[in-house]
Amino acid sequence: MTVSKMTWRPQYRSSKFRHVFGKAATKENCYDGVPITRSVHDNHFCAVNPRFIAVITECAGGGAFLVLSVHHTGKVDPLHPKVSGHRGNVLDIKWNPFNDFCIASCSEDSTVKVWDIPPHGVLKNLTVPWKELQGHSRRVGLIEWHPTANNVLFSTGYDYQVMIWNLDSPEAVIKNPVRTISHHTDVVLSMSFNTDGSRLATSCKDKKIRVLEPRTGNLLQEANCKNHKASKVLFLGNLKMLLSTGSSRWNHRQMALWDQEDLDVPLLQEDLDGSSGVLFPFYDPDTHMLYIAGKGDGNIRYYEISSEKPYMHFLTEYRSHTPQKGMGIMPKRGLDVSSCEVFRFYKLVTIKALIEPLSMIVPRRSESYQDDIYPMTAASEAAMSAEEWLSGIDKGPVLQSLKPGSRVPDSYPELSSGLGSKGLGNSLGTRRSQSRPGQLQLAYIQDQLGNKECRSKTSVSNGQDPTLCSPPKTENEVWGGFDLRLKFHKQQEEIRRLREMLNQRDVRIKQLELEINNVRNSQDSH
């Protein structure tokens, strides 16, 4: 097999993503004053879901990370409570893809901890995890959730072991992983799953790329490319291809494309530049777009991937003057489909203590929902349990439509949040929604809208709506034994949720009006 080099030439091919552009958030929609970690690890340091943004912070005496509501933009309180249960620096954090209130973290203290985040955010320092995983003998540098099985977590550390954990285990402290994979001879630099989680790809400091069967730990493929030192590896959805980023023999930053069934020679190699920062690859299987963001760079390159030669088509490049230390990405279900947003980054800008959202947008004139750029995508629902996966079953992800109104918004997130150790709230929410659902929802909305109108219209210095009341100055302001700070955050979240519901209905109304106009025009033409 010959390696094809990408050469610059005009590409006359039609693509709906040719004109995708990056739109950075305004200053008031960024997260300002965040003490971003100064760790030199080549991790993302940030994790995002539709409710929360989590970022690893710099702190003395142990490790901590910050969890903020995604709506909590503007200046962040320096004394904002943190998740601070680790005894060493936190190296990686990942949200559970099937539970927006569950996050895992790993640390230099050789442990992995899984946390239940309260529905209204972290209002006081959180030090007691839901689960603690003790198995690694040295610091743990990477964690990954299984993409389709519920409560299956992978971790790897400086003991060169990849461990698989079943969080459905009843113990609060789990000391024995269900399996340990020991094929690596040095530190694992990255892990990536294919779409159904039946293959695990790893890149290692020993310059080898491996494809493993994660359940049994069997080694399926191994690449030892002398001309390409891989640092990050990524499965490209269902294309049966891998992408790796790293450096060439001459220390040029480089990316390579591989056939997952044959890792002897890459399908394609391209040298990018002579910088030294690690290249972070991000792939969107819905649009087949690949984004390459370099650590310490201000630019993001993006490409379109195809299954036929030349495989990779350069689209354009987003440029900015602010370098990124790490990147978080929003899941597809958290994007703004009304503005044709197809991807969203959260850039960590250390020199400004800033987290900057960056939206990748497809320019369209129509305000209606664009089916062609939003196919069915992975939902926040697991395809199977941990026991089913461990027994040998493989299933693809549960899919959902992103069309507004296709899924009813959750009216009781505080009851049906489905926290790992709090099943009572989930069952209570189910019972309430089954009995008189219409009356409950109507009364609930009327009550919250009434509360909103009664609030004083004072300005809030956090980039937030001035109709919301300002928070209590201290946590000691207690009236009638009820914490005003808790009440304030609870009311804010309820108002935001109601506004999101109203916005979705407005979008649906516009869609119906356009459909009615189209029907009338077709009737007039006949």
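Yeah, the Cβs are placed from backbone N, Cα and C, and that goes for glycine too.
All annotation found in TrEMBL is predicted automatically rather than curated by experts.
For the domain 'DUF1899' (10-74), the DSSP-based tally of helix, strand and coil residues reads 3 helix, 24 strand, 38 coil. The feature domain 'DUF1899' is assigned by TrEMBL to 10-74.
Look at TrEMBL and you will find 83-117 (among others) tagged as repeat 'WD'. Same-chain residues lying 6 or more positions outside the repeat 'WD' (83-117) and placing a CB less than 8 Å from one of its CB atoms are 37, 39, 41, 43-52, 54, 56, 59, 62-67, 125-134, 136-145, 147, 150-151, 153, 155, 157, 165, 167, 331, 378, 380-382, 417-422.
If one looks beyond the repeat 'WD' (133-175) by at least 6 residues along the same chain, the residues whose Cβ comes under 8 Å of a Cβ in the stretch are 41, 43, 88, 91-94, 96-98, 104-114, 181-182, 184-193, 195-197, 200, 202, 212, 214-215, 217, 378, 382-390, 394-398, 420. Annotation source TrEMBL lists repeat 'WD' at 133-175 (among others).
According to TrEMBL, the feature repeat 'WD' maps to 181-222 (among others). Counting residues 6+ beyond its ends, the repeat 'WD' (181-222) has Cβ neighbours under 8 Å at 42, 141-142, 144, 146-149, 154, 156, 158, 160-164, 229-235, 237-238, 242, 244, 246, 258, 260-263, 285, 389-390, 392, 394-397 in the same chain.
TrEMBL lists 400-438 with the feature region 'Disordered'.
Among the features that TrEMBL reports, compositional bias 'Low complexity' is placed at 415-429.
The feature coiled coil is assigned by TrEMBL to 495-522.
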